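Peer 1: Quick one: the structure is below, and I'll ask about it shortly.
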Amino acid sequence: MTRPGNLTIERALALARHSDSPDHYTRLLYSPAHRAASAQIQAWMREAGMTVRVDSVGNVIGRYEAATKGAKTLLFGSHFDSVRNGGKFDGNLGILAPIECVAEMNARGERAAVAVEIAAFSDEEGARFATGFLSSKSLVGQFDRAWLDRCDAAGVSLRDAMRDAGLDPEAAGKDALDPAQLAGYVELHIEQGPVLLDAGLPLGVVTTISAGNRHTLTVKGVAGHAGTVPMKMRHDALTAAAEMVLVIEKRAGAGALVATVGILRVHEGSSNVIPGHVDFTLDIRAGDDATRRAAEDDIFTACEVIAKQRGVVLTRVRQSESKVVRCSEAMQLRIAEAITAAGVEARRLPSGAGHDAMMLAEICETGMMFVRCGAGGVSHNPAETVSVEDAGLAVRALLELIRRFPPAA
Ligand SMILES: [Zn+2]
């Protein structure tokens, strides 16, 4: 038998060749490369002894039956779309490692107390139609039909793209999973951060998942001539915004949270004009909603004080709010036991990135396992990497999880 993890890593590298771009890895929903990747995943699932179906939104779902009829299903899953110029393991790892597990069981003629299904989600990143979690939302019965009219950068609607991919847009989202059949959902994912790397640990148990909460802050001051308005008489929107950005950094650093200003625009900016209008974004995330809200309150109060002192006007708009999702305690325990059984310490850590697991948590017991991210912890980046050893440990831990799953769970 080949080394555990080898198959997963080899396949992740092979799958990344199905890319929309010849020189980097980009795979957008329903592109030719996306369809080729889907066909390849289907082939690997069949090779592992699974029956395969493709659902109404192009999710590929493989099934490996339990030892007994009528058993519940333990569902694994992750996504095979990518961001532009993404990493080869983001999403794909959570499809390929469970396939390696099933291949191993199939080779031994082994059946578990639960049926194993693996869902390869067609669209999580939403990079083509700005539809985050389209696939998993469809699976939990929350497909938004308004998405069908969304167009990509080339003006192609989701409806037409689905037709081109051989799918029926009218059927989209009508084949949600039956929660009564599910024993639970587990998503294996690359950590996309440096915590496990820093701790010297290959695997982790995710406690909470938080997607970003986004705000836009607008600062309006008084534009003026860079040469004629004395410093003391200025109402510079940019220096006010700069002070606000530093307040945000300081407040986030003082608590268990992260905050990022990723966009800052100086409207009608010019080298010889005092900035009169600036807006910037704030993305803020914490392991629980109360911690995040308290920090938001502190930040906005402090920004108001800065605005007052500098004689500028601050307005803010909340762009999106997503609640923190807590992974099921029972599933966290199972995943921790499985990691320990694979011979490594089970570190618990929160996920600061959103995942399909957030949607599945609405219908069943949900958990996530993280795999250490190499290359300094970078992700959504071509340098993203996972070692064969770590992938092998993940495969062993997932096998332990499957084998320990009781029939009545
Ligand atoms: Zn991902």
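Any Cβ shown, glycine's included, is placed from N, Cα and C.
Heads up, TrEMBL stuff is auto-annotated, nobody curated it.
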Peer 1: Can you pick which of ASP90, ASP164, ASP168, ASP175 TrEMBL lists for the same Zn(2+) 2 site as GLU125, HIS380?
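Peer 2: Checking ASP90, ASP164, ASP168, ASP175 against TrEMBL: the Zn(2+) 2 site match is ASP90.
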Peer 1: Figure out which of HIS18, HIS189, HIS215, HIS225 sits with HIS79, ASP90 in the Zn(2+) 1 site per TrEMBL.
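Peer 2: Only hit among HIS18, HIS189, HIS215, HIS225 in TrEMBL's Zn(2+) 1 site, alongside HIS79, ASP90: HIS189.
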Peer 1: From the candidates ARG265, ARG285, give the one listed by TrEMBL for the same allantoate site as ARG214, ASN272.
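Peer 2: Matched candidate out of ARG265, ARG285, per TrEMBL for allantoate with ARG214, ASN272: ARG285.
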Peer 1: Translate the DSSP assignment of HIS189 (Zn(2+) 1 binding site) into the three-state scheme.
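Peer 2: It is in a strand.
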Peer 1: Given ASP90, GLU125, ARG285 as the binding-site residues, which ones have a Cβ positioned under 6 Å from some atom of ligand 1?
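Peer 2: Near the molecule: ASP90.
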Peer 1: Within 8 Å of the Cβ centre of HIS79, ASP90, HIS189, which other residues of the chain have their Cβ, at the recorded Zn(2+) 1 site?
Peer 2: SER78, PHE89, GLY91, ASN92, LEU93, GLY94, GLU124, ILE190, HIS355
Peer 1: Compute the mean position of the Cβ atoms of ASP90, GLU125, HIS380, which form the recorded Zn(2+) 2 site, and then list in sequence order the other residues of that chain whose Cβ is within 8 Å of it.
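Peer 2: What remains near the Cβ centre is SER82, VAL83, GLY86, GLY87, GLY91, GLN192, SER379.
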Peer 1: So among HIS79, ASP90, HIS189, ASN272, ARG285, all listed as binding-site residues, which is physically nearest to HIS380 (Zn(2+) 2 binding site)? Use the C-alpha atoms.
Peer 2: ASP90
Peer 1: Out of the binding-site residues ASP90, GLU125, HIS189, give me the one sitting nearest to ASN272 (allantoate binding site) by CA distance.
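Peer 2: The answer is GLU125.
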Peer 1: Looking only at ASP90, GLU125, which of these binding-site residues has the biggest number of Cβ atoms within 10 Å around its Cβ?
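Peer 2: Counting Cβ neighbours within 10 Å, the top one is ASP90.
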